[in-house]
Structures are given as structure tokens and as C-alpha cells.
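For reference, TrEMBL has these:
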type	residues	note
BINDING	262-269, 344-348, 408-411	GTP binding site
COMPBIAS	21-35	compositional bias 'Low complexity'
COMPBIAS	120-129	compositional bias 'Basic and acidic residues'
DOMAIN	429-442	domain 'SRP54-type proteins GTP-binding'
REGION	1-142	region 'Disordered'
Ligand SMILES: Nc1nc2c(ncn2[C@@H]2O[C@H](COP(=O)(O)OP(=O)(O)O)[C@@H](O)[C@H]2O)c(=O)[nH]1
Ligand SMILES: [Mg+2]
């Protein structure tokens with residue numbers, strides 16, 4: 001390691017360079033595994049997945065190009081955990097969409113001087129199970145600062161929900177206004193309404209039901225657009241009500257273990273950060289396991305969230321065994337008497353079989369410590385992939401026993417009806433929805449609010 005004075009964590013996050021130009025060749029970007037900022041983590045405006053013969057293509061986008069095998073295997077994270085990537089790439093996943101600064105990322109206070117930068121408090125764990133391939137020297141637990149950042153100023157959830165669902169609701173609303181203004185209701189109009197709903201990914205079954213409900217007893221009469229919206233809201237609420245179930249944390253489990261799964265870029269890590277903020281605000285202690293050991297940037301990303309939300313992050317260097325890490329994190333959470341352990345996972349393996357095998361292994365290995373774990377398996381789905389979400393549910397459900405869904409990026413699509421299609425097909429609980437990148441842009445899923453927002457109605 002050179003003598004170079006490195007900037008603090010926030011300095012690196014905001015791109016501040018080392019104070020002395022460094023000559024360490026190992027830190028030049030060219031020497032780092034060629035991993036560019038992931039296109040899958042910027043928000044696609046069109047569905048990024050493909051639906052080929054009902055099987056999701058997990059290898060879309062960057063997934064089909066495996067980064068070079070991890071080269072940082074012997075670097076000790078106690079001394080240089082941040083140097084796996086050049087500054088330009090570190091935290092690349094946190095890059096805002098279209099230049100929007102993610103909420104809460106701006107430093108609230110002047111940055112500490114580089115030499116006063118708080119170094120993470122690092123604790124070593126012992127090897128607890130000789131059967132688990134662990135690298136005891138490399139396990140680190142990043143402790144958050146004593147006082148995590150103050151949460152950003154709150155906008156009402158209704159405001160963020162309607163803002164987030166704007167693309168879907170205005171696409172629908174425009175069609176409804178166009179179709180039902182000063183027109184008699186006939187079969188053609190209803191068919192067009194059905195088309196609009198199918199385009200918003202409601203699914204054929206629900207689209208037909210809504211169109212029928214609108215037509216019922218009104219043929220050859222006029223119907224005002226607002227009436228159509230009201231019927232739409234009623235039908236959507238009826239479809240979603242059974243799946244809108246809160247995630248119940250059983251406080252008798254210590255820790256209550258939540259495994260987060262989903263394809264790369266779905267929003268797992270971000271959702272973990274948002275959930276941590278919520279759980280901490282409810283008075284729970286939370287620990288995070290950086291189980292996406294595939295990329296250094298993924299570990300860093302979780303570490304930033306831990307720092308922001310006041311949760312310790314258990315990590316190992318890139319390339320470590322994810323199951324072993326999850327095992328150690330569960331042990332650490334037990335030792336610390338933590339209420340909730342959130343385990344992040346990778347979604348980026350080269351093929352579906354590899355991804356599923358890794359998830360199965362994580363579950364198998366943590367069950368050696370506690371046969372009831374994981375207590376919840378949350379599948380994170382990106383709303384912008386559209387119909388592909390349906391096949392993702394099928395496949396993850398088989399492997400990991402999904403207990404509930406989180407749907408993210410509803411703000412990034414005009415096809416928010418996918419939630420209705422999912423409810424109709426699987427009936428799995430939908431616990432949370434995300435409508436933005438900020439820490440507050442996630443809330444428990446409420447069918448009525450969602451239905452009214454998507455139909456373009458007031459809260460009511
Ligand atoms: N607009 C928007 N972006 C989101 C939402 N949730 C996550 N993201 C962004 O999606 C990208 C991928 O998220 P990440 O948590 O890294 O996905 P992971 O690979 O599943 O862990 C990041 O840029 C997030 O900021 C959301 O609800 N809305
Ligand atoms: Mg991630």
C-alpha cells in the first residue's frame with residue numbers, strides 16, 4: 001500500500017480523489033477486472049427481459065458477459081476494503097437514473113478531513129462450523145457510524161405513489177378520456193379499453209373482466225370517463241386486495257431472517273436499504289449480509305446502505321462463498337442479539353442453473369444453524385421487465401420457496417398493471433412496492449391506494 005492519503009468514504013462516494021497523486025499501478029482502472037457500470041442497473045424504459053417459450057432469459061444485458069474471475073482474493077479487507085475498484089466504479093450501482101441525485105445521498109454535514117475519516121470498525125469472526133468453507137481472516141463486519149444520516153425530508157407517500165405511477169395512470173387515463181368522451185358505449189369501445197389494459201400488462205383475464213364491468217348494463221348509453229376510472233379502480237382493488245399483505249416480523253425469532261432474491265438489477269440491494277430504514281424506524285435492530293459476493297461494487301453498495309441506515313454489514317471479499325458468508329452473518333446476528341437479518345444475494349450468475357444452485361446452497365447452509373430459516377424469502381421484481389416477471393416468479397418459487405413479493409420501479413414503466421396480472425396468476429403476497437430510488441420510495445403495498453392511483457383518481 002502506498003502512503004497516499006485516501007479520502008474518506010464520503011469523499012470516495014462523491015468522487016474526491018486521493019490528495020497525493022498515487023503512483024500505485026494496481027489502482028489504475030486498467031488493472032481492475034474489466035467491469036463497466038452495469039447497463040442493467042440503469043432503468044430501462046422498455047422491458048429488458050425477453051419471454052422466450054415461457055422461460056426468462058436471465059442472461060440478458062450484462063448477464064451474458066461474465067466479468068473476469070475475481071482477482072482480489074488475498075487482499076485483506078481490514079486494511080484496504082475500498083480498493084477493489086477505482087473511484088469511478090465504486091458504488092456505480094448508486095448512480096442516479098438520468099442524472100437525478102438519489103434522495104439522501106447528499107452529505108448533510110461538511111465532510112470530515114481525510115485523515116479523520118472514520119474507518120469501519122472491524123471485527124473478526126471465528127470459524128464456527130468446520131463443514132463450511134469459510135475464510136475466517138477475511139470476514140468483516142462494517143459497523144455503521146454512531147449517528148447515521150438524518151432521513152431526507154419526507155414527501156407524502158400518496159404524492160410519491162401517484163408521482164411514481166404517473167406513467168401507467170396517464171397512459172390509461174388518456175386512453176379512457178379519448179375512448180369515452182361523448183361516445184356511446186359499444187363493443188368496439190370496450191375492445192379498445194381491453195387493449196389499453198392489456199398494453200398496461202393487466203393480463204387478458206383481468207382486462208376482459210374490467211371491460212365487462214364497464215359495459216355491464218350500459219350498452220348504447222354514454223359513460224363518463226370518470227365513471228370508467230371508478231370502475232377500473234374498483235376492479236383493480238378487488239383483484240389486489242387478497243395479495244396486499246404486510247410482511248409480519250416474528251419478534252420471537254432472533255434474528256428474523258429475510259432472504260432477498262431476484263435477478264440482477266431487480267432492486268434487491270436498494271430494497272434492503274429501504275427496508276432497513278423502515279425496520280430501524282420501527283425500533284428493530286438490523287444486520288445486513290453482503291451475500292452478493294459476485295462483484296465488489298455490490299458489496300460496497302450494501303455497505304453504503306448500512307452506513308446510511310445504521311446497520312452493520314457482514315461481508316467477505318468479492319468471490320467468496322455466498323453460503324458461507326450467510327452462515328457467518330446469521331451467527332454474528334445471533335451473537336449480537338439482532339432482531340432482523342437481511343441477506344442480499346447475487347442475481348448475476350452466468351446461467352439460471354448456477355443462480356438457483358447458489359440460492360439452494362445458501363438456504364441449506366443457514367438451516368444448519370437454524371432449521372426454520374429463512375423466515376421470509378422475498379422475491380424482488382422489476383416492474384419494467386413486464387411479462388417476464390411472471391416467469392421469474394415461477395422459477396424462483398420452485399427453487400427458493402418465495403414467501404412474498406416486492407415490486408420495484410413502478411415509476412419506470414407505463415405497465416404497472418403487471419402487479420394485477422401477478423396477483424391473478426400466483427396469489428403470492430405483495431408486501432412492498434417501490435416507486436423510486438430514494439430511501440423513502442418504498443411502502444407496504446395497499447390495494448386501494450394503488451388502484452386509485454393507477455386509475456388516476458384522488459386518494460378518496
Ligand atoms: N426508479 C427506480 N429505481 C430503482 C427502484 N429500486 C431500485 N432502483 C434502481 O435500480 C438499480 C438496481 O438496483 P439494485 O438494488 O442494485 O439491484 P440488484 O441487482 O437487484 O441488487 C439501481 O440503480 C437502483 O437505484 C425503484 O423503485 N425505482
Ligand atoms: Mg444487488
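Every residue gets a Cβ built from N, Cα and C, even glycine.
Fair warning: this is a prediction, and the values are worked out from it, not measured in the lab.
Close contacts with ligand 2, defined as a Cβ under 6 Å from any of its atoms, occur at 268 among the binding-site residues 262, 268, 345. For the domain 'SRP54-type proteins GTP-binding' (429-442), the DSSP counts in helix, strand and coil order read 0 helix, 6 strand, 8 coil. Sequence-distant neighbours of residue 268 (GTP binding site) (same chain, six or more apart, CB under 8 Å from its CB) are 260, 261, 262, 292, 344, 345, 347, 380, listed in sequence order. Around the Cβ of residue 265 (GTP binding site), 28 further Cβ atoms fall within 10 Å across all displayed protein chains. Around residue 410 (GTP binding site), the C-beta neighbours below 8 angstroms that are at least 6 residues distant in the chain are 164, 165, 168, 383, 416, 419, 433, 434, 435. Of the listed binding-site residues, namely 262, 345, the sparsest Cβ surroundings within 10 Å are found at 262.
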